[in-house]
Amino acid sequence: DSPRSWEPDPKAATEQAKRKKKPKLLKMVPSSLIKFHTFQKKEKGHAGATSPITKKPKENLEGPCGLGCIVISRCQRFNTLHCFVVFFCLLITSQGIVFGLKELSMDIFEKDSHLNDVENLLLPLTYDISSSLVAVFIAYYGGKGNIPRWVTFASFLVGFGSLLFAYPYFTEGAFKANVDIEDICQEMKSVQPCRKTAPSFHVKYLVSFILGQTVQGVAAMILYILGIVFIDNSVAIHSTGIYIGIMEASFVFGYSLSYGIAAPLLKGTKNRTSAISWLQHWWIYFGMVSLIAWSTLIPLSCFPHSVQGTAKIKAEKRKQPHPFGGQIKDKEFETSIKDLFATLWVLLKNPILICLALTKAAGSFVFIGASEYLPLYIENQFSLTRPIATKIAGFVLLPAGGLGELLGGIIVSTLHMSCKALMRFIMVTSAVSLMFFGFLIFINCAPVPFAGINEDYSGTGQLGNLTAPCNSHCRCSSSFYSVICGRDNIGYFSPCFAGCTLFKTLNDGKAYYNCSCIQEGLTTSDEQGDFIDARPGACNTKCYKLPLFIAFFFSTILFSVLSNTPCTLTILRIVSDNQRSLALSLTYMTLRLFATIPGPMLFKLSGDSSCLFRETEYCKRKGNCWSYDKKKMAYLMVGICSVCKVFAIFFTAIAYCLYKYMSKRDGDSLHIPVKSVKVKKKGKK
């Protein structure tokens, strides 16, 4: 035999190797991982052969669900939009909780610290300013990238921002304010009304909350712009509303939930001496929210550029007629700054988009008013404590806001509404909420007699002056608010202003005795036979309109937020696919400019204008308001919210008329200028 006769044929050996079974070690590697690795090589190989300018945009970007190169076959069943929405809504809920906790915490800090004008302006507006600055860039460049990766980054930012909010409480949770306790009438005592929080805590709080709000502002734009675009890409055109409604309801749920869980921390916000002991517990809630947000990091990072079925859904969407009659083609723009501003100019020349953005801003004003003003309104209108008023506000906002957002998405998706039908739906729901606002103005309680405010100490004092002959010897200070109710059913600013010289702690609470300003009313004795003159807390208003107020306000919020999801859907439909994220960024910038920035300021000014008595002894600075005009509060709240709903109807009507007019003029097609935008051309890089 020839020496080479025993050598195997190379071709035969190759075929035999292919037919050979995989080794046991290779069996442990999922086949999907091998396919994914081959897919990456294939894409890399074609990248150099085809010009990125002349090639068609990739339609099928679906990939396996996995963490980097780790892909498990059994986990591919979770590679669906439903699983993505579960973790996405959990993240949205956590940010809603952060928002509520942040606002309640800031409210206490502002009252305790008496901030200057610059700090008062900068602290609450940092979130809106930061989100407005990055919205356009996130929308333009993030919309062209891997959106699940952006959302994963947002989940990290939400958790990190929450930790920044917790930092000042965690490092100095047991700080003590310089407060001299004053409770009863004493002729010889030293009162120091000028009090401040610890300087180190003050600085840490300002820095941490400014940075935290900046981080949260960036995260919010990623979630509410890119998240909506990702959902819209992955579902049928008439199913988007349901998912957006679920997303919006998740935020409302988290925001309202924060009012319920943080209400115990608001104990004693008027009596500052007891408020300080509660502040050390804030970091626990912020830390828990960080854990919830970061629990979504790994699941969200496993999703590919597009979930399974996205390519098929996009193909079906292309078969459906566009509201603009097909004149606007889905052109792909360059990524330079020049093209960014060119695309922005195209959208700014779209009058329907601008009107709908103003509609969304006007509608958001109502919910801002409810969240900012409602706890204070309920507390003073129905003479409740701050924790109870905050809980009631949260329990009204939670079902009404969440149910309204969810129902709005379900209704428009079930009825398969067109753009015209969506705008009609917005006008109808806004009109109904406006009608309910009209009824709210008649639901108020008569003011309770309050010594020095609307009662003159039985003729011995003057209205607007807490000091009277019966308490002039007590050296009382208006900086310490601790309301009590005398046996004459008259409220007093504090036991000192009632002239009380003694107090006892009984089984059912504290009681005050020997009050020189309380001379009338039925007397009751304690276990030792001493006559009780007053007890802590406001007097009973004998007003039973709170359930009626809750019912009407619930209906108002419900119909008000019903229009949020339809408004977002209309905006998504009147622009091309590549402009959706940028159109949403312009919408949220408009919302910040005309709603979230001026809204809290306007409602705060309305509260200040309703003030009847304000603290005047705080280091020559503007003090806190202790008593409000109930009727004026009702008129201002209803008036501001009603005007906002009128503007929402007005701008929607303009958008509807423009849409209808342009459709008739162009033969059921809407002309939007796009010639000025630089588009990709062959041979140009």
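Every residue, even glycine, has its Cβ placed from backbone N, Cα and C.
The compositional bias 'Basic and acidic residues' annotation in TrEMBL covers 1-12.
Marked as domain 'Kazal-like' by TrEMBL: 464-519.
Positions annotated as region 'Disordered' by TrEMBL: 1-23.
Feature annotation from TrEMBL assigns transmembrane segment to 81-101 (among others).
With a threshold of 8 Å between CB atoms, the same-chain residues lying at least 6 positions outside the transmembrane segment (121-143) that come near it are 106, 110, 115, 150, 206, 209-210, 213-214, 216-218, 220-222, 225-226, 229, 335, 340, 343-344, 578, 580-582, 584-586, 588-589, 592-593, 596-597, 600. Per TrEMBL, transmembrane segment is recorded for 121-143 (among others).
The transmembrane segment annotation in TrEMBL covers 150-170 (among others).
The transmembrane segment feature in TrEMBL is assigned to 205-230 (among others).
The feature transmembrane segment is assigned by TrEMBL to 242-262 (among others).
Residues annotated as transmembrane segment in TrEMBL: 282-303 (among others).
Sequence annotations record features per position, and here TrEMBL assigns transmembrane segment to 340-368 (among others).
What TrEMBL lists as transmembrane segment is 388-413 (among others).
Counting only same-chain residues 6+ beyond the ends of the transmembrane segment (425-443), those with a CB under 8 A from a CB of the stretch are 359, 363, 366, 408, 411-412, 417, 545, 548-549, 552-553, 555-560, 562-563, 566-567, 570, 634-635, 637-638, 641-642, 645-646, 648-649, 652-653, 656. Feature annotation from TrEMBL assigns transmembrane segment to 425-443 (among others).
Annotation source TrEMBL lists transmembrane segment at 548-575 (among others).
Within its own chain, the transmembrane segment (582-603) has Cβ neighbours under 8 Å at 124-125, 128, 131-132, 135-136, 138-140, 143, 221, 224-225, 228-229, 343-344, 347-348, 353-354, 356-358, 360-362, 364-365, 368-369, 372-373, 568, 571-572, 574-575, 637, 640, counting only residues six or more beyond its boundaries. Residues or ranges marked as transmembrane segment by TrEMBL: 582-603 (among others).
The annotation transmembrane segment is assigned in TrEMBL to 634-659 (among others).
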Model confidence over the domain 'Kazal-like' (464-519), averaged pLDDT: 86
Which one, 81-101, 282-303, 340-368, 388-413, 548-575, has the most C-beta pairs under 8 Å toward the transmembrane segment (150-170)? 282-303
Same-chain residues at least 6 beyond the ends of the transmembrane segment (388-413) whose Cβ lies under 8 Å from its Cβ atoms: 100, 104, 238-246, 248-249, 252-253, 255-260, 262-263, 266, 367, 370-371, 374-376, 378-379, 382, 421-422, 425, 429, 546, 550, 553-566, 569
The transmembrane segment (340-368) in contact with the transmembrane segment (548-575), cutoff 8 A, at least 3 CB pairs, sep 6+: yes
